[in-house]
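Asks: The transmembrane segment annotation in TrEMBL covers 17-39, 55-75, 95-117, 138-158, 191-211, 249-272, 284-305.
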Amino acid sequence: MSSECERGPLTTSTLDYWIQHVVFPCQVTILAMVIYDIVRNVTSAKARIVAKPNLLLLALLNLLIFGSMLPQSLGSFSWFFENETFRRFYHHSKIPINALSNLMSAMEICITLAICLECYLRSKSSSLTKCFEPNARYAIFLVTVLAASMALTAYHFVLYELDTGYKCNGTKLVVRIKLNTDLLTMAAIKFFNLTQAVVVIVIPCICMILVNHKHAELIRSDVFPTSSFSECRELFSVENCLESRKKKILLYLPLLTGCFVVSHMLSFLPFLYDLIPSLYEWGFPYVITVMNSVLITGKIVTLAMSSRICQDLGRLGFNSY
């Protein structure tokens, strides 16, 4: 077989190969452990957890997002990248899968913010928490999140187009992905990218900082309520138990905020490439590869921290489902 007919890994570089071949499988394993812990606690009859519906939805969205990234990782294993059927599936599905990933990521960000807001409102004993209970208002909230996410990310389904060709007597598919300027002008692409970056990245990061800062201030204050259903009431050393729970939450809140903000602000970088194509010449693909891995790690930590906060607030008695 000639060298041009050989089928190599479906990765962009050596760095991308090792991230997809080694790092991503490790991240999937950790995510599976986090999701297992969430499902085990949420389905437990004894466990009291705040924001159960949103927490389960967040776990599901993360699972779907990681699933959309799975073909890229599989493309680093010889059993898959040497298989022409898989290669054709990978190339033809890449654009719609990436578009769906953008949609689910936008929803995931909204649900993460909703969890933080619900935790804060429950700590504040606000009646607004009824909006997050499984009822008609919650269904409206979910439909709104889906509609807003689709409105912001729908252009990704037509942003790129696939140029195809064949080598080796038609046995090897070769592709090139390029911007679809027939349907979208460069001005429109820049507008949509900038709008998504601001609404899906910048504004949520600011909201996350503000909500969790207010939540931390409330926990530190003397007016932080304690429910009679708190697990600490069952112990002899009630004060020590309460302080321990509060300290844990005060540790998780900045970790959640910092991880969410840093990882999502880094995800602003791909938009720069679409806005300034010349960046490709400066090793930008390597930056994007590392950024994607950091973002994936950020999603795992964000899910884990959200789960811990919901569980500890539940143990303090803040739950009305």
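Yeah, the Cβs are placed from backbone N, Cα and C, and that goes for glycine too.
Here the structure is a predicted model, which means the values were calculated and not measured.
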Asks: Who are the chain neighbours of the transmembrane segment (95-117) in space, where the CB to CB distance is under 8 Å and they lie at least 6 residues beyond its ends?
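Replies: Here the qualifying positions are 51, 54-55, 57-58, 61-62, 64-65, 68-69, 71, 132, 141, 145-146, 148-150, 152-154, 156-157, 159-162, 177, 196, 200-201, 204, 207-208, 211-212, 215, 256, 260, 264, 299, 302, 306, 309-310.
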Asks: Taking the transmembrane segment (284-305) as the first stretch and the transmembrane segment (17-39) as the second, find out whether 3 or more Cβ pairs fall under 8 Å, excluding pairs closer than 6 in sequence.
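Replies: Result for the transmembrane segment (284-305) with the transmembrane segment (17-39) is yes.
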